[in-house]
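**Q** Here it is: the structure, laid out below.
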Amino acid sequence: MPYCEVGRYADGDKWEGVRLFYRRYGSGATKVLLVIGLAGTHDSWGPQIKGLTGSLEPSDDEALRPDEEAGVGAAEAAPAEADDGIEVCCFDNRGVGRSSVLPNKSYYSTAIMATDALALIDHLGWKKAHVFGHSMGAMIACKLAAMAPHRLCSLALLNVTGGGFQCFPKVDAQMLSLAFRFLRAKTPEERALVDLETHYTKEYLEETVGSCTRRMVLYQEYVKGISSTGMQSNCGFEGQVNACWTHKMTTKELDTIRYDIIAQLCHAKRLAERLLPVARMVVPHGAHLVSHERPDEVNNALMDLIKATKSEIKPEEWSAQPENTSETGALISARPITVMVRTDAGVDATAAVYNLLGKLQLSFLYLIGMILMGFELMRNIVRVMKPVRVAAIES
């Protein structure tokens, strides 16, 4: 299996290597790195791999290539490639799938994981690449763009937030039920049921495919996929959650990025405003895995982005803001040229109210948590201080 060793970590006095599992598809001068999100593995990019390369058959060998065995860089040993082809690489982030699972959440952050992605680009021998990220993978891609902008041809972010409070979901009965079931899921079957409700809209799941619903088809695919790599470990999941929670892009980092972005709608608009003058927004209808629900729309947007970076088209001719931005899925795409995003006057106020409610919501949960912890502490104190009745022993 193809692995890339990207660094080492200390576990007490013992140092262990960090390895990333990756797959390559297609071939060509155009390079695309796909960065998956929280708890996802490389094969979650199936529709995009198929759309960009035309095949789901990996082009890498399970054994090391001859040039790797000889210690020769991939770029030096690789044969000449067709200019019109696309080579795609996707990988498992640290903490999931076949990649290393590190024991402490301090070994997980979007900056560290962006360093992983950059090391993989070096390992592949790519000088530059189009980098597309989904959810947490888009946060990682943002860090990568700020860290090494000269290594990116373009940047695309799908269903992304700014991290921290923006990662916090709306708390309602459905979300609490999903969270409870997710934490209790111990088998691929239990996890697949939760993932389906989290990733797709109800309308999409109830669509008929042949003699059954799409829910049934996807359920079988999810169980098979989760079973092949095993359930994600608790420390891996907690580490990746920590990376999302601690993610933050500074003003200096955002100033460094001048590429297109794919994001969730409310945060996408704010991010686009901060990334002016470079942004183009596309809004397909879908849930968190809009890349699966609307693969043709997403793939077309990504292909437009790749083509735009090679053309001399004027920004005003390429940039476009959708007339209807009320859908759930949001795709903002951009390129390293000047592109203007126009937003309604009420967007800032709406975003400010949303953020305030989000912070109040989180504060409320913290308060409830503290009350419950205090209640449990008092119960323990009472239990300890309560006199113990000892029965007399009859001789």
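Glycine too: its Cβ is placed from the backbone N, Cα and C atoms.
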**Q** Give the range, chosen from 51-79, 225-253, that TrEMBL lists as region 'Disordered'.
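**A** So the range that TrEMBL calls region 'Disordered' is 51-79.
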**Q** Just to be sure I understand, if DSSP states are collapsed into helix, strand and coil, how many residues of the domain 'AB hydrolase-1' (78-165) fall in each?
**A** 35 helix, 19 strand, 34 coil
